[in-house]
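Peer 1: Below is the structure I would like to discuss, written out as structure tokens.
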Amino acid sequence: MKIGVIMGGISTEREVSLNSGREVIKYLELLEHEIIPIIIDKKEDVMEKAKGIDFAFLALHGKFGEDGTVQSVLQTLDIPYSGCGPLTSAICMDKDMTKKILKYANINTADWVNVSSAENIDYEAIEKIGYPVFVKPNSGGSSVATNLVKDKEGIKEAVELALKYDKEVMIENYTKGEEITCCMLNGKMLPVLAIRPHAEFFDYTAKYADGGSDEVVIELEENLHKKVEEMALACWKELKCEVYVRVDMIVKDGIPYVLELNTLPGMTKNSLFPKSANAVGISFAELLNSIVKYSLEVER
């Protein structure tokens, strides 16, 4: 099978995407597929460079990659691709929309408000949420332009920074607890990972630098494990996920809260999904093969 590994892109996460793409290529080649590296520098590259491939493995992140646009283009071209479809991808990229659906479905998530201008910040609403808060681009990823703000004085500057990366900014209550991630493969939860950043929170450096954080497989207490698994499965169902997705949570006082869903989890050597799969004996090559297999089974 001729597999095009699509990477690069036009988002702030381009370098992360290129790193993911290189790793994916290296291990897909072990499976004896014909691999075509497809580096995207501008949107129209997808139409041109994807011609002739049998399957697109998406190693993209951020806008025009994780937001449903590339998925829509590939469906128009009748090229099967890895991961979730356009609707789920678009919703999960929009943190505000994701949290509204989670709240409607009675899935725990931290309180938040969204703003689209530094001149129209509702400080009273933020007071109700309670400090400290995370200020971040609504549709960003990899914790780019994400800041932990401890009082009213720091809000405007953090909002202005985040608005450089997105037209909307999320201001979310900082729920202090243990950060965990649940990797879902074909609707089943792989072993849970605890994320212990060496910095104050799991920022860009902690995510991608060697030694930026400790990510370890953990055994949750039985009742908590059940709650976490039920919540991850509820997210999968309510947001109509397919193939694979990563559900990030915080556990506070024995109660899990969903932070966000990642529909194209990173595939670098430091990435969480391969670590979780490896804990049940699934090698990186086997994981990639499963993603291809399950993706081909999805009716688009």
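In case you wondered, yes, glycine gets a Cβ from its N, Cα and C as well.
The feature ATP binding site is assigned by Swiss-Prot to 126-181, with sequence analysis given as support. Annotation comment: Swiss-Prot describes Asp248, Glu260 as Mg(2+) 1 binding site. Annotation comment: Swiss-Prot describes Glu260, Asn262 as Mg(2+) 2 binding site. Marked as domain 'ATP-grasp' by Swiss-Prot on the basis of sequence analysis: 99-293.
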Peer 1: Give me the count of other Cβ atoms within 10 A of the Cβ belonging to Glu168 (ATP binding site).
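Peer 2: Step by step: centre on the Cβ of Glu168 (ATP binding site), count other Cβ atoms within 10 Å, giving 16.
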Peer 1: So what's the mean pLDDT when you look at the domain 'ATP-grasp' (99-293)?
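Peer 2: Taking every residue of the domain 'ATP-grasp' (99-293) together, the mean pLDDT is 91.
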Peer 1: By CA-CA distance, flag whichever of Asn147, Gly154, Leu161, Asn262 among the binding-site residues is nearest to Asp248 (Mg(2+) 1 binding site).
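Peer 2: Answer for the nearest of the binding-site residues: Asn262.
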Peer 1: Taking the Cβ of Ile126 (ATP binding site) as the centre, count every other Cβ atom within 10 Å, in any protein chain shown.
Peer 2: 21
Peer 1: Would you mind pulling the DSSP three-state label for Asn262 (Mg(2+) 2 binding site)?
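Peer 2: Asn262 (Mg(2+) 2 binding site) sits in a strand per DSSP.
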Peer 1: Once the DSSP letters are reduced so that anything not helix or strand counts as coil, what is Asn147 (ATP binding site)?
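Peer 2: Strand, per DSSP.
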Peer 1: So which one is it: of the binding-site residues Gly140, Gly154, which has the fewest other Cβ atoms within 10 Å?
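Peer 2: Taking Gly140, Gly154 as the binding-site residues, the minimal 10 Å Cβ count falls on Gly154.
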Peer 1: What same-chain residues, at least 6 away in sequence, bring their CB to under 8 Å of the CB of Asn147 (ATP binding site)?
Peer 2: Phe134, Val135, Lys136, Gly154, Ala158, Leu161, Ala162
Peer 1: Sequence gap of 6 or more, Cβ distance under 8 Å: name the residues on the same chain that satisfy this around Glu260 (Mg(2+) 1 binding site), in order along the sequence.
Peer 2: Cys92, Lys95, Thr98, Asp248
Peer 1: Are there any residues at least 6 positions away along the chain from Val133 (ATP binding site) with a Cβ closer than 8 Å to its Cβ? List them or say none.
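Peer 2: Expected: Ile126, Leu148, Val149, Ile155, Ile171, Glu172, Asn173, Tyr174.
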Peer 1: Measuring Cα to Cα, how many angstrom lie between Asn262 (Mg(2+) 2 binding site) and Gly140 (ATP binding site)?
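Peer 2: Just about 11 Å between their Cα atoms.
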Peer 1: Quick one: give me the count of other CB atoms within 10 A of the CB of Asp248 (Mg(2+) 1 binding site).
Peer 2: 18
Peer 1: Of all the binding-site residues given, Thr175, Asn262, which has the fewest Cβ neighbours within 10 Å once its own Cβ is left out?
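Peer 2: Counting other Cβ atoms within 10 Å of each of the binding-site residues Thr175, Asn262, the minimum falls on Thr175.
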